[in-house]
Structure formats: structure tokens, C-alpha cells
Amino acid sequence: MKRILLFLATNLAVVLVLSVVLNIVYAVTGMQPGSLSGLLVMAAVFGFGGAFISLLMSKSMALRSVGGVVIDTPRNEMEHWLLETVRRQANQAGIGMPTVAIYDAPDMNAFATGAKRDDSLVAVSTGLLHNMTRDEAEAVLAHEVSHIANGDMVTMTLMQGVVNTFVIFLSRFIANIVASRDSEEGEGSNMMVYFGVSMVLELVFGFLASFITMWYSRHREFHADAGAAQLVGKHKMIAALERLKMGQESHLEGSMMAFGITGKRSLSELMMTHPPLEKRIAALRNM
């Protein structure tokens, strides 16, 4: 879970920075914001640029945000088991060996991130290692490996790029209409209105668009559960989810939340990056 909210937050920050740059480009080049074709091209460049920059930064940012410690050489039997389990599952799934890390947190969680199937990260909380059985922890790891094998990070980035493009385009299109009505106040005032309205609308539309990315995240969780069931058996995956029902709420934030094993509770399922555990368990039982 930690993975998705961090990805979304990073993406939003990058898009806002790029939006400021886009306004500077307009000012320096004299390009008219009202040019629909030019605006659409610029929105796509900056929209996809923000998403892919977030993806490329995801491993380092994820490790830094949780204080993760990469396991290069196992220091104990638990770390040795963790490395060998991830290695075995990666071979089964046909992906390169991910970087494996442990981070200190009381909740039972794990997440995967990374720009490529052969250059990814799997991080596990100490709470998961201390409170789950080996079979349950193995299922959680298989879930994260399945996220990587399914290419969920890249497809999420592509979806976010499309969403960003429309957010930037619609925000600036509407801002141009609003600013045009105040053109009698002078060109300087006109640009300030355009800049202010476009930034506010990007925040509003970005929030509304997050419902789309959260829906996609929930959809991919079912696929990752199914992939884990193929790797280790559905009974282990069901046991892991049953254990999570008794555990604490996730402490993961940002983009990592979407690719964790579980997420935060919410009053509405629409605001959740993960489906309710009951639905995930039912889906596995019906396989």
C-alpha cells in the first residue's frame, strides 16, 4: 500500500513543478495557451513525464520513506529464508531477482516497486516477519512478486500519464476561458488569473482522477492474489489474508500503498487502494 500513495503523491508534486515550468515556457516562447493542439501536446509531454519520473524514482524514494535496509548478505536465518524465498518465486515468475529490504514497522505489510521487471524492490515490514507464519509470509511475498511479474508498476504509470494529460489539458483549457473574460484588466493580470485558476483546477481534477487510479489498484489486487495462489497455492494466500484481518491498519503511505499487501481502512471503498479483505478471500475461494 505504501507504494501507491507515495507514487501518487510524488507524481502530483512532479506534475505541479512541471506545470510551473509549463507556464514559464508559455511566457518565454509566447505560445498561446488557447492553442488546443499545442496545449494537448504539452499536456501529454508533462503528464507522462511526471508519471515516468515518479516511476524512475520509486525504488530510492520508497526505501528512504520507510527507512528500509537492503539485505545484501543475510545476517540471520530469517533473512536467509527471506532472500531464498523471493529468489525462488522470482525464478518461478520469470523475473529478475528483486532487491530485498526490511523496514521497521508494527503493521503486517510488504510492498513492491521499481521501473522494470528485472530491476525491482520487495520490502517487508518487521511486523509481518514477526507475526505471520512462514506459509503466510511466503504468500505475501508471492503477492508482491506477482505485482512485478504482471507489470503493474508500468501499467499504473501509463494510466497515471493519461490521467495527468487530461488533468493538465482540462485545467488549462478552462483557465484560458476564465482568463479571457478578464482580459480587459491587462495582460499581466490575465496571466495571473490563468496561472491561479489552472493550478487550483489541477489540484481539484487531480483529486477526482485519483478515484480512477484507486479503482485500477483495487482491480490489480485481485490479479496479484491470483498470481500468488498460482505460485504458492490459494490456501496459503487465504491464510495470509485471514491473518491480516486480525492485524493492525497499514502505516504505508504514498505510491507504495497501492502495491502493498493491504491498505488503509476508509468509509468508502471508492477511497481505498485495496478491495476489502473479505472480497479478496471470497475471490480466492471461488478460483
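Along the chain as shown, the residues are counted starting at 1.
Cβ coordinates are placed from backbone N, Cα and C, and glycine is handled just like the others.
In Swiss-Prot, the Zn(2+) site is described by H143, H147, and among E77, E221, E242, E269 the residue recorded at this site is E221. The separation of E221 (Zn(2+) binding site) from E144 (active site), Cα to Cα, is 10 Å. In the three-state DSSP scheme, H143 (Zn(2+) binding site) is classed as helix.
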